[in-house]
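Structure first, then comments.
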């Protein structure tokens, strides 16, 4: 005869067939640097630590630091050399290039701020990469993702997108001085090639800086022609400024690539955290059901014992 408690146990086993208690199986011992007490060796600990490193975020951080360092360092020195070239060869009156000097000085201070900001921002994004990597690696452990963490990850996605768009403008702006110096350098090369041709004198080939709008049209002399322009191209200030502007432009491009890389990483991590929160909710419901089933089984056993 089947008693009522036994029927109740059978009914709940049928309803919660997928929610059975975990069965533990014997796991064979690991070979290697495992001590007799079961403590992991140095090799296993190192592998575990390396498994939690966000390599994508680390590569993006190194690329971002390198790009910002090249842009800020080379741009600062190149701007100083540009002011020296203008003062010595294209604008002998201080009042003509006073506004330009103030703008360049302001840009140098902005460069200091950019370097400091991206140093901190890169560290924060790297730390966020460690956080999300730990959330994914330890999803089935005691680690819990919170709504605040997911909100912070979403905020980083938006901020990185805005910074990426801004750095596209910086990259385009940094290409302007490269274009100007390239025109001057190519004009000097034309003058050198015409030295053997007596029919076309090099004195008629000039470069007028005033047409670029960086100094007013009233600036004296404002332009350089022939041998004077060739001497300007042979100066150390021109050579260093030209190549430093090229490196600064390349650094800005590297920073744009790093921010795009960060944007992809942050978007992926945010999606992982969103899925992790759903998985945690599912596991909480499943654990609650298992606990309720165990309580019902224990009460049924107590009732069965009391009947017997």
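Every residue gets a Cβ built from N, Cα and C, even glycine.
TrEMBL annotations: computationally assigned, not manually curated.
Note that the structure is a prediction, hence the values are computed from the model and not measured.
Annotated transmembrane segment per TrEMBL: 58-86 (among others), in sequence order.
If you look at the transmembrane segment (106-131), the same-chain residues 6 or more away from its ends with a CB under 8 A from one of its CBs are 52-54, 56-58, 60-61, 64-65, 68-69, 71-72, 75-76, 79-80, 149, 152-153, 156, 160, 163, 255, 262, 265-266, 269. Per TrEMBL, the feature transmembrane segment maps to 106-131 (among others).
Residues 71, 75, 121, 124-125, 128, 132, 245, 248-249, 252-253, 255-256, 259-260, 262-263, 266-267, 269-270, 273 of the same chain lie 6+ residues outside the transmembrane segment (152-176) yet bring a C-beta within less than 8 angstroms of a C-beta in it. For 152-176 (among others), the entry in TrEMBL reads transmembrane segment.
If you look up TrEMBL, you'll see 244-266 (among others) marked as transmembrane segment.
For 279-306, the entry in TrEMBL reads coiled coil. Mean pLDDT of the predicted structure over the coiled coil (279-306): 75.
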